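Asker: A single structure is presented below for examination.
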Amino acid sequence: MLPFMLSSFLGASPSIWPLAPAEAFQLPPCQLINQTVSLEKEGCPKCHPVETTICSGHCITKDPVMKTRYVYQHVCTYRDLHYKTFELPDCPLGVDPTVTYPVAVSCNCGLCAMDTSDCTFESLQPNFCMNDIPFYY
């Protein structure tokens, strides 16, 4: 109905309005995606990229008319995950080359668990590597 009303108002054919405006701007839902992450460990000279799955996408948010003390927003986060182990190459003797990283199995929109997730507005990218930053003495 809305495309017809807009078409009538704007004098255009309904065929140029194939989707309702809200559907046209629909964002991807919270879901598993493949992501390259950089693994690194103190004492090892290089980062190593690995492919894993992470949770990414949008969750329904709310902005209540009457402000309450405890307003929270749902974020796209892990429902289930497991961990994989990887051995970094080129680590010197005496440094354990083993690192463990999470692999998302399923996702959901829920409260952010600050002890296991990065809930900041703009966090470091998954492929960020501290070894790539020059250190000046």
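A Cβ is built for glycine as well, from the same backbone N, Cα and C atoms used for every other residue.
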Asker: According to Swiss-Prot, which residue among Cys44, Cys47, Cys55 is joined to Cys107 by a disulfide bond?
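Answerer: Out of the candidates Cys44, Cys47, Cys55, the one Swiss-Prot links to Cys107 is Cys55.
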Asker: Among Cys44, Cys47, find the residue that Swiss-Prot gives as the disulfide bond partner of Cys91.
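Answerer: Going by Swiss-Prot, Cys91 is disulfide-bonded to Cys44.
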Asker: Pick from Cys47, Cys109: the cysteine that Swiss-Prot pairs with Cys59 in a disulfide bond.
Answerer: Cys109
Asker: Cys76, Cys112: which one closes the disulfide with Cys30 in Swiss-Prot?
Answerer: Cys76
Asker: What kind of secondary structure is Cys55 (disulfide bond) part of, going by DSSP in three states?
Answerer: strand
Asker: About how far apart, in whole Å, are the alpha carbons (Cα) of Cys59 (disulfide bond) and Cys44 (disulfide bond)?
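Answerer: Here the two Cα atoms are 38 Å apart.
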Asker: With H, G and I counted as helix, E and B as strand and the rest as coil, say where DSSP puts Asn34 (N-linked glycosylation site).
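Answerer: SS state of Asn34 (N-linked glycosylation site) = strand.
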Asker: Are there disulfide-bonded residues among Cys55, Cys107, Cys109 that sit within 10 Å of Asn34 (N-linked glycosylation site), Cα to Cα? If so, list them; otherwise say none.
Answerer: Cys55
